[in-house]
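Below is one structure, written out as structure tokens; comments come after it.
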Amino acid sequence: MESSNEEKKEGRLTLLLALATLIASFGSSFQYGYNVAVVNSPSEFMKQFYNDTYGDRTGELIDTFALTLLWSVTVSMFPFGGFIGSLLVGPLVNNLGRKGTLLFNNIFSIVPAIFMGCSKIAKAFELIIISRFLVGICAGVSSNVVPMYLGELAPKNLRGALGVVPQLFITIGILVAQLLGLRSILANEEGWPILLALTAVPAVLQVLLLPFFPESPRYLLIQKKNEEAARKALRRVRGWDEVDEEVEEIRREDEAERAAGFISVRKLFHLKSLRWQLISIITLMAGQQLSGVNAIYYYADQIYLSAGVEANDVQYVTAGTGAVNVFMTVCTVLVVELWGRRRLLLLGFSTCFMACAVLTVALALQDTVSWMPYVSIACVIIYVIGHAVGPSPIPALIITEVFLQSSRPAAFMIGGSVHWLSNFTVGLIFPFIQYVSSPPSTPSSLSPRPRTRPSSRSIRSSPI
């Protein structure tokens, strides 16, 4: 009877653990989602700003291809920064700890938020591009460290549910960016710099609140060799004093890993015993991003316009898609322990495949069948549902669960690198796929603004 009660105690979600999960996820994962979607709604105003700034400097506007390239670079600097951030994970978590890394990482959010907020006043679109790279570093670090931190704080039977919470906050960040990006709120000529700068808010809150929560007990015991601090952290997180059994379990893991030695990225690639685990995470991370999910958030408005949505309604359809994404991720949190990881991944990828296949047919028939635009919209929403069920939340959780402490930082560096390079590829190439498949044939709304002084060079407008 006593052991049964002990098992029940071990599975308890204490208030401290719940708050640590919320603060770590809101302060870090939320920013990732927010910055994925934040440039979508104000994109036309930002392109106009790019055109105007370039025109003020040179007396000309940017031609269509050059502006498409400049904008795709702006968007894709975020995942490129994420790739650099993922390479920093190993050294940072080993030297600063999990919590310390999250606190340090907020530098890469607060500084670029100031830059983006001042970019219009400074008349420098370069500040936006640099800032997108810096917030990408923030996202690259946090997307790997938050699941690691929560996985090492949580008891075994809650690791699955808590490991999906960061993905839930990513979807909430996407939704908040879409709601604040409504034309009537901040996606307008005056409000878009504020919209970009708001990414600093969760960072500031995390800097203020996260210091009150414990560091990972596993990090404290295994890497810092501080058993007393590890015991204190475990007592706080578990809510009871008897933590000897868990400390022993961590120590046994440490001894087994010490016998194997520290596993670097290079060594991980050469270990036969971990080969299939490594192949699995590389495949999952590449599939997660090359399936194109972030193209939907980076360029949602253009996708829905192509699918036949009225220009005035696009912003609401985009926000509706974000709400569906959040709802389905909540459902995944609730069923991940019941259904298992493999089933959710298979269900999610199968749904995405079928939605993409039907969407391809629907777009081909869109001009000949009147109701095909509705099918296209439904396919995009079904695709988002499928991705939220498995491909989005599960891969990072699997890394935490299948790699031990010694190999976990290297595994997150490899998985994160694949994730962000794939994301970067999609973000950079997608606008050109759209451009080639349906090049602009009519002049755009982007046009030169009246100047206070005559220009010595002729102004030429370009369709976008």
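Cβ coordinates come from backbone N, Cα and C, glycine included.
Here TrEMBL flags 21-464 as domain 'Major facilitator superfamily (MFS) profile'.
The region 'Disordered' feature in TrEMBL is assigned to 439-464.
The transmembrane segment feature in TrEMBL is assigned to 69-90 (among others).
Residues or ranges marked as transmembrane segment by TrEMBL: 102-122 (among others). Among residues of the same chain six or more beyond the transmembrane segment (102-122), those with a C-beta under 8 A of the stretch's C-beta atoms are 24, 27-28, 31, 49, 85, 92, 96, 128, 130-132, 134-135, 137-138, 141-142, 145-146, 149, 192-194, 196-200, 202-204, 206-207, 210-211.
Per TrEMBL, transmembrane segment is recorded for 128-150 (among others).
Here TrEMBL flags 162-186 (among others) as transmembrane segment. If you look at the transmembrane segment (162-186), the same-chain residues 6 or more away from its ends with a CB under 8 A from one of its CBs are 17, 21-22, 24-26, 28-38, 40-42, 143, 146-147, 150-151, 153-154, 192, 194-195, 198, 297, 300, 315-316, 318-319, 321-323, 325-326, 329-330, 332-333, 336, 388, 392-394, 396-397, 400-401.
As annotated by TrEMBL, transmembrane segment applies to 192-213 (among others). Long-range contacts of the transmembrane segment (192-213) within the same chain, counting only residues at least 6 positions beyond its ends with a Cβ under 8 Å from a Cβ of the stretch, are 16, 19-20, 23-24, 26-28, 30-31, 34-35, 38-39, 41-42, 45-46, 49, 99, 102-103, 106, 109-110, 112-114, 116-121, 128, 131, 135, 138, 177, 180-181, 186.
Below 8 angstroms of C-beta separation, residues 36-37, 39-40, 75, 79, 174, 268-269, 321, 345, 349, 352, 356, 380, 383-384, 387, 391-392, 394-395, 398-399, 402-403, 411, 414-416, 418-420, 422-423, 425-427, 430-431, 434 of the same chain, each at least six residues beyond the ends of the transmembrane segment (276-299), sit close to that stretch. Annotation source TrEMBL lists transmembrane segment at 276-299 (among others).
Residues or ranges marked as transmembrane segment in TrEMBL: 319-339 (among others). Among residues of the same chain six or more beyond the transmembrane segment (319-339), those with a C-beta under 8 A of the stretch's C-beta atoms are 37, 157, 160-161, 163-165, 167-168, 171-172, 174-175, 177-179, 182, 296, 300, 380-381, 384-385, 388-390, 392-394, 397.
Positions annotated as transmembrane segment by TrEMBL: 344-365 (among others).
The annotation transmembrane segment is assigned in TrEMBL to 371-389 (among others). For the transmembrane segment (371-389), the residues of the chain that approach it from at least six positions outside its boundaries are 171, 291, 293, 296, 303-304, 307-309, 317, 320-321, 324-325, 328-329, 331-332, 344, 347-352, 354-356, 358-359, 362-363, 365, judged by C-beta separation under 8 angstroms.
Residues or ranges marked as transmembrane segment by TrEMBL: 410-433 (among others).
Across all of the domain 'Major facilitator superfamily (MFS) profile' (21-464), the predicted model scores a mean pLDDT of 81.
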